[in-house]
C-alpha cells in the first residue's frame, strides 16, 4: 500500500477511535519512544572499562585471596607436621593432647577448600555478568553481529557441581547418612 | 580394616589433599597416593592396585561423579570402595552419587572421626 494511502487509512482509523483507545495508542507510542531511547543509551554505554579493567581486576583480587588463604593453610599444615613429628619425644599424655589439637587444626584447615570454592562461584558469577553486559550492549550496537552461543555439553557430574551451599540449603552429614541409609 | 590398603585421594585443592593424607596417616594408612582430577585418578587406578578411593566431586576436567561412573563401568575397578568427600550437599547430588554406586558420602567440612567411621564402614563391606 502506498505511503499516502497508509497515512489516510491511519487517519480514518484514528478518527474512528474512542478516547480510551486513542489514549492507549498515545501511551504505546510513548513507550515505543522510550524503548528506542533505551536501546540507543545501551548501545552508547562505555562498557570497555567494565570488560577490560573492573571485572578482571575483581577476579584477580579474588584469585589472590584464594592464593593467600592457601599459603596460610599450608604454613599452618607445616607447623602441624612439625608438632606431629615431636610426638614420639613427648610424655604419652602430652603426645595425645598434641595429637588431638593437631587433628582439630587439620579439620579447621579445610576452610581453605570451602572458601576457595565459594570465591570460585563469585568469580564465575562475575564472568557471567561480563558476558551478559557484552551481549546486551552488542545487541543494540549498530552493525554488531553476535556469534551464536552454543550450549556446552556437560556431564551429570558437571551439571550437579555447584560448590558449597548456603547454610540454609545445605544438608548435614546426619541428613546425608539418613538419606543413604534409606536406600539400603 | 587393612591399614596397608593402597588409597587414592583425589582433590583439586592441594591443601585438602594434604589434610586428608595427614588424617589418613593418623589412622595408620601410609600407603597413599594423590591425584588432582578425575582423569589423573582414572589413569592411576588403571595402572595401580588401589583398595580405596576418596574423591572430591567438583574438579576439572573430570568430576568425581564422572570418575565414579568410570570406575563402576570398568570390569577391573568396579568393586573398589569409593568415598565421595565434597562440599556438594544437595539431596540431588547424594542421590546421583548413590545411583552411580558411591560407597559412602562425606560432606565438607568434615571431621577426622567421620572420615574414620566411613572408611571402616566401606572397608568392612569390601
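Here the Cβ of each residue, glycine as well, is placed from N, Cα and C on the backbone.
Keep in mind the model is a prediction, meaning the values are calculated, not measured.
As annotated by TrEMBL, domain 'Response regulatory' applies to B:6-123. Annotation comment: TrEMBL describes B:56 as 4-aspartylphosphate.
For the domain 'Response regulatory' (B:6-123), the mean pLDDT of the prediction comes to 96. Note on the domain 'Response regulatory' (B:6-123): DSSP counts are 55 helix, 21 strand, 42 coil.
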